[in-house]
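Student: I'd like to ask some things about the structure below.
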Amino acid sequence: MQALTPHVYWAQRHGEIYLRVEISDAQSLSIGVEENILHFKGKGHGAKGENEYEFSLEFLKPVKPEVKHKSTQRQVNITVKKQEHVWWNRLTKQEKKPLFLAPDFDRWLDESDAEMELREKEEKINKINIESRVRKDPFLGLKKGFLFMYNLVQLLGYSWIFVNMTVRLFILGQDSFYDTFHTIADVMYFCQMLAIMEVINPAVGLVKTGVMPAFIQVMGRNFILFVIFGTLEEMQNKPVVFFVFYLWSMIEIFRYPFYMLACIDTEWKLLTWLRYTIWIPLYPLGVLAEAVAVIQSIPIFDETKLLSIPLPKAIGTSLSFSYILQLYLVIMFLGLFINFRHLFKQRSRRFHTKKRKAN
């Protein structure tokens, strides 16, 4: 059979040359580098049908004699390592490009892109090396197990609250507004007492979130639940209790399953979107409902003198707790601003990272 020249496509990186020889079902391959010249010979189906194909390329600069090649049903891929990690302005020593040679645009990068790719590889290798040197936490499994169970219990608790209130709303209508506290309070007490762990967990390093945002949210809710609703029987029959409890539960039935799945390195895209989006309308509505509860409780505290602070006779009889509530309203909306800012940063960071990974 007559020896012919196949189509050859090339690309480079700083340390390697890539050649793609258009011969399918190649057989009897002979590939090697001698005196900086690559010699190729083989049989297969190429541009001129089933034939024997061969070519030689004298490289622009020195290369290593070792050649790696891999034959597939469609082509032969050849990798040649450069002696020096430098960028070549052409492939061959002769200035005129051989007719059978063309750029491999599937792998082609210009010098700046190749440098960026090289830096990314180096960063990835460095990251792997650093991670391999970091001592693994022997209690990681135990910590994840504890956090998984905590989030599961909270999910069950808030799901019961949400479902119970929803069913009662459909059956009783507006009448369900007036006995929400007596129906739901015990489970809400349990969930909110347990939520104190959300302040302890970041404080002891179990999770990597900030302590202050968790403290503001948990302590704020517990103040409303135990002080405003728990100590005033007059507040327990007001419709505002329904709206406060319902908004709290609507937020948590998406937040806790998200954290629960994160403990087992699992993510549902819809749940992630809901966790980082649904709080945008619900969180300020919840704070607004809490503020209404505080405002409605002020005249009751004034009238009953409950939790008033005794003062010396020279100054007056007592300091009404309502003054503290008025100060608390200011702190509440300041906390809303701090938490809203923190949550928006979390959301933007989360979706920005996912967008970078997708690209």
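From the backbone N, Cα and C atoms, a Cβ is placed for every residue, glycine too.
Pasting the feature list from TrEMBL:
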DOMAIN    3-92  domain 'CS'
TRANSMEM  145-167  transmembrane segment
TRANSMEM  187-207  transmembrane segment
TRANSMEM  214-232  transmembrane segment
TRANSMEM  244-264  transmembrane segment
TRANSMEM  276-301  transmembrane segment
TRANSMEM  321-340  transmembrane segment
Student: Based on Cβ pairs under 8 Å, which of the stretches 145-167, 214-232, 276-301, 321-340 lies most in contact with the transmembrane segment (244-264)?
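Tutor: Highest pair count goes to 145-167.
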Student: For the transmembrane segment (214-232), could you work out the same-chain residues 6 or more beyond its ends whose Cβ comes under 8 Å from its Cβ atoms?
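Tutor: Hits for the transmembrane segment (214-232): 181, 185, 188-189, 192-193, 195-196, 198-199, 201-202, 241, 244, 248, 290, 293-294, 297, 300-301, 304, 306-307, 328, 332, 335, 338-339.
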Student: On the DSSP side of things, how many residues of the domain 'CS' (3-92) fall into helix, strand and coil, could you say?
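Tutor: Its residues fall into 0 helix, 62 strand, 28 coil.
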